[in-house]
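Q: Sequence annotations record features per position, and here TrEMBL assigns domain 'NAD-dependent epimerase/dehydratase' to 6-163. The domain 'DUF1731' annotation in TrEMBL covers 283-332.
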Amino acid sequence: MKNKKIVIAGGTGFIGQALAARWGKDNQVVILTRQSATATGSRSATPITSRPEESINNSYSHRLLRAADGYNITYWHWDGRFVEKHWADELEGCDLVLNLAGRSVNCRYTARNKQAISDSRADATHAIGQAIKATVVPPKLWINGGSATIYRHAQDRPQDEYTGEMADDFSVRVCKRWEKTFDEQRTPFTRKIALRLAIILGHGGVVVPYLNLVKYGLGGRQGNGQQMYSWVHIDDVGRAIEWFLDHPELEGTYNLSAPGPVTNAVFMETLRKVTGNRLGLPAPAFLLKLGALLIGTETELLLKSRWVLPAKLLETGFRFEYDRVEPALNAIVGKLPRKRFHLF
Ligand SMILES: NC(=O)c1ccc[n+]([C@@H]2O[C@H](COP(=O)([O-])OP(=O)(O)OC[C@H]3O[C@@H](n4cnc5c(N)ncnc54)[C@H](OP(=O)(O)O)[C@@H]3O)[C@@H](O)[C@H]2O)c1
């Protein structure tokens with residue numbers, strides 16, 4: 001893909017930086033961030049000095065891609081809630097607005113955290129909708145990065161866009177509100193696509209804690225291992241978004257998950273295989289609950305059975321580069337130094 005202008009809200013995180021690396025040399029990438037100008041080299045008038053809600057999970061230890069590294073990337077400050085002219089102007093006539101903003105779900109689901117998880121996604125979506133409405137030349141495409149966890153815990157059958165069912169737990173309610181807010185934004189001259197992303201495999205995100213588990217001999221199944229694990233390789237996320245850009249007839253809601261989901265037991269076995277770690281102690285559900293409490297997260301991320309299929313995307317003719325988990329994990333692990341997944 002070349003010569004496009006892409007605005008990524010929440011583009012400092014795992015997915016946003018991976019996509020900025022993919023597109024940032026041949027296209028113009030603009031990232032909206034709440035971080036300070038010092039942290040990002042952004043063109044910000046109002047740097048933020050503290051972000052109390054991020055104190056538990058600071059995911060900003062990675063170095064952000066910069067123009068100095070040869071990327072055509074600009075960071076603009078926003079607060080994820082209100083429209084401000086300096087960043088809203090960047091939306092004028094752009095090819096793609098991609099919204100990835102949202103408070104991390106890797107935390108304890110306290111009342112305060114739950115509110116922040118839900119509000120941050122709805123507020124950012126609303127702000128982008130308002131900004132698009134005010135443009136003179138509206139963006140061509142707006143993609144909102146939601147989650148495939150909108151579907152219920154499924155061990156009986158896969159969930160697709162046609163027959164998938166939703167439960168009424170906290171995560172599902174967050175996803176529903178996120179999609180509803182997106183639907184409510186009336187942007188008649190901007191095509192809209194809501195993505196339901198499966199767990200993304202790449203150099204970051206969940207792969208980091210999984211590699212730590214296998215490294216220390218704890219890479220066995222989690223719970224009874226029969227819960228389904230729907231995943232998608234980060235390269236296929238980039239390829240699918242490019243596919244949507246190239247196909248102006250496509251709009252609506254799409255699952256973005258590889259067509260080859262596996263059980264948790266198979267996923268962990270494959271991870272052990274590709275990293276060459278033979279020993280993998282299983283973690284029963286009660287131990288996971290204790291561990292999650294100790295490290296300040298939730299077991300839902302590990303124990304929910306996510307069985308999702310990309311029915312609509314396959315119908316459009318899109319083909320996944322990684323439709324099986326072993327080549328996907330091999331491609332990721334193969335680019336890492338051995339010390340990342342091996343003690344010796
Ligand atoms: N990674 C996955 O496997 C996966 C799977 C399904 C769905 N998703 C969803 O996809 C989106 C991006 O995922 P990711 O893995 O890239 O997440 P991430 O690494 O946590 O990045 C999310 C970005 O959102 C911004 N953010 C954090 N708190 C915010 C708040 N309160 N208000 C506005 N923005 C806030 C942050 O940017 P600044 O601090 O720079 O503003 C952060 O870089 C998230 O909504 C996530 O739930 C991810």
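Cβ atoms are placed via backbone N, Cα and C, with glycine included.
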Q: DSSP on the domain 'DUF1731' (283-332): how many residues come out helix, how many strand, how many coil?
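A: Output for the domain 'DUF1731' (283-332) reads 28 helix, 2 strand, 20 coil.
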Q: Take the domain 'NAD-dependent epimerase/dehydratase' (6-163) and average the pLDDT across it for me.
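A: Here the predicted model's pLDDT, averaged over the domain 'NAD-dependent epimerase/dehydratase' (6-163), is 88.
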